[in-house]
Amino acid sequence: MEVDTEERCSGSQVDSSLDQLQKEACPNNDDTLITDDTKQEDNGVVQPDTDDVSSEVNQDSSKVSQDGAQRSETSQVDTDRTEDVTVGPDVAVIGDKEEEVIDPYSYLERDGFTSEIFKIEVCNLPKKFGISQLKKKFKAIGVKGWVKMKLPERGQYVFLTFRCEEDRETAIKLIHGHQWRGQELKAKKANPAADPLLKKRKQEAEQRMQPEKKAKLSSPESDVPVEIRLNESVTPLWNVAYEEQLKLKENEIRVFLKKLGKSMEKENSSWKEWISQQSLYEMGTETNVSSLLAAVETEKAVQHYLQKFSDKAAFDPLTKTGHWRTVTVRVNQLDEALVIIQLCGQDLSQEEICSEREKLKTYFETGDGRDDSLKSLYLEVYRETPGRSQQNGGELQLLFGQPFISEVLLDMKFRVSPTAFFQVNTVGAAVLFTAIADWCKVQSTTTLLDICCGTGTIGLSMAKRVGKVIGVELCSEAVEDARVNAHENGNTQWGMLGITNAEFRCGKAEDVLPSMMHSLTNTDVVAVVDPPRSGLHHDVVRAIRRSPFVKRLIYVSCNPKATLPNIIDFTRSESRRMKGAAFKLIEAVPVDMFPHTSHCELVMLLTRD
């Protein structure tokens, strides 16, 4: 079962692969992928042939976004004895069974386009260069038609993929021998990359077939209760004492902060003594498991529908066949649920989709799946597009109930739409927001910037203490929720018609913030940033640095390792590239927003004179 405990959601959200209700999930893919939606996509997401941690960039965009989810894989074996193993060129024989050998390059034989066929390796690059500079250089010498670029973390080389052999040959001629920054570039053809999913499966299969490593066989996963499987997938530390969990997370945060301190020393050598004097504070929170139990019951109902009432199969990410993809359950503290069931409908007619929609509606509204706690049911019709992630989303259709769910946090009621961000742990969020408010040190004249604000929770919870709140959010549904939440929360709390000193702007932070910062006239500005796992876009960091009015910055990170470049940029010495006075990292507090998992939220306070 695939579950991402850090997806932006309300109460407890379980986003699990329906495929796992019947079979094993895909391995994790941590590569970063950027695609150009206007161009033809590859048939299958396949990364170039290197094991280095790296980023892929698109010719027309330099924005990096995270793609990937926590996944688990369980081997299913139906005997309790070991067998001799024989391996042939095409078939692996385990005892009396034959198993087809997995080919990580089989995607090359499928119908459809993949640019991996037309790939080159460019070597002998300069030791220091920027991605944008490399793109400009290729454009300047006439290299056209490339689809993806992969820059390994180590080594002076890069991979480029193209749409046809002609473009590849032309690029090799243009690049090979070209002089750039004292280096003579070399270009040659490169082999396609192995499909990372199949590559991992093949490695695991080969390990199982080693005679000296005979498999320890266990019962099929279907024999394990769904509650246990859900616990193992969503909360893998569920059977570890909570005090031990906090110690593990504290140690990880200490290691991260030591690494961060060393990096800051390199950028600001004068801070060495000051950094060595800093200390770490711990903060833990308890969790409310009732929401998770409510999600289990919903999972059971969905599983029953698939087995008894639907003739559609679960989606297989390897073969791109099947239809039922994921179920997302968002549960508030009252155990009221909003459910999104995702149907992959690339080969279904409109009549078939309508039929499945009506069957789902009947089952959950008046049939065996009826549950008074289910307040909203959505069907998301997802069209599988080669080379693109499911996070691109599909068409949401409300089958019955209200179009949103509500949650109470810090004595305020927040409306949350199906795709809007809300903290996954409401009890933990109250601790988190209280810490943020204490650090902001706001007064009645302060302008509070709530960047990546979601449904407006942080800004609205502090609105009565400041002069103005300005929120920025990419998701249009979340922005609308924030505006409604501002209107609804003022009535009972202050005896006035809504919170009138808050405004919310929709768009990418890197597009909205630079111009917005120029228009600020207040000299007392506090910024709170709560970005997605990938961190802030560098243009957002630069915009905040350039504004002389922002003296205090609170950075909330659900993935501390990914925020390292952001914090370094905020604290590095002023230069032509990074204008504006540098911030100092004053405090860092881990907040356990994800009990029984290895994840932890980290709140950091940065200030400057």
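Just so it is clear, glycine is given a Cβ too, placed from its N, Cα and C backbone atoms.
Automatic prediction, not curation, is the source of TrEMBL annotations.
Given the structure is predicted, the values throughout are model-derived calculations rather than measurements.
Quick look at what TrEMBL lists:
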- 1-83: region 'Disordered' (REGION)
- 10-20: compositional bias 'Polar residues' (COMPBIAS)
- 55-77: compositional bias 'Polar residues' (COMPBIAS)
- 118-192: domain 'RRM' (DOMAIN)
- 190-221: region 'Disordered' (REGION)
- 203-215: compositional bias 'Basic and acidic residues' (COMPBIAS)
- Gln423, Glu473, Asp530: S-adenosyl-L-methionine binding site (BINDING)
- Cys558: active site, nucleophile (ACT_SITE)
- Cys558: active site (ACT_SITE)
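Here the features listed in TrEMBL are placed on the structure.
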residue: Gln423; record: S-adenosyl-L-methionine binding site; Cβ neighbours (10 Å): 27
residue: Glu473; record: S-adenosyl-L-methionine binding site; Cβ neighbours (10 Å): 27
residue: Asp530; record: S-adenosyl-L-methionine binding site; Cβ neighbours (10 Å): 24
residue: Cys558; record: active site, nucleophile; Cβ neighbours (10 Å): 22
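Helix, strand and coil content of the domain 'RRM' (118-192), in residues and according to DSSP, is 21 helix, 27 strand, 27 coil. Cys558 (active site, nucleophile) sits 8 Å from Asp530 (S-adenosyl-L-methionine binding site), taking the CA atoms of both as reference points.
Note on the domain 'RRM' (118-192): mean pLDDT across this stretch is 88.
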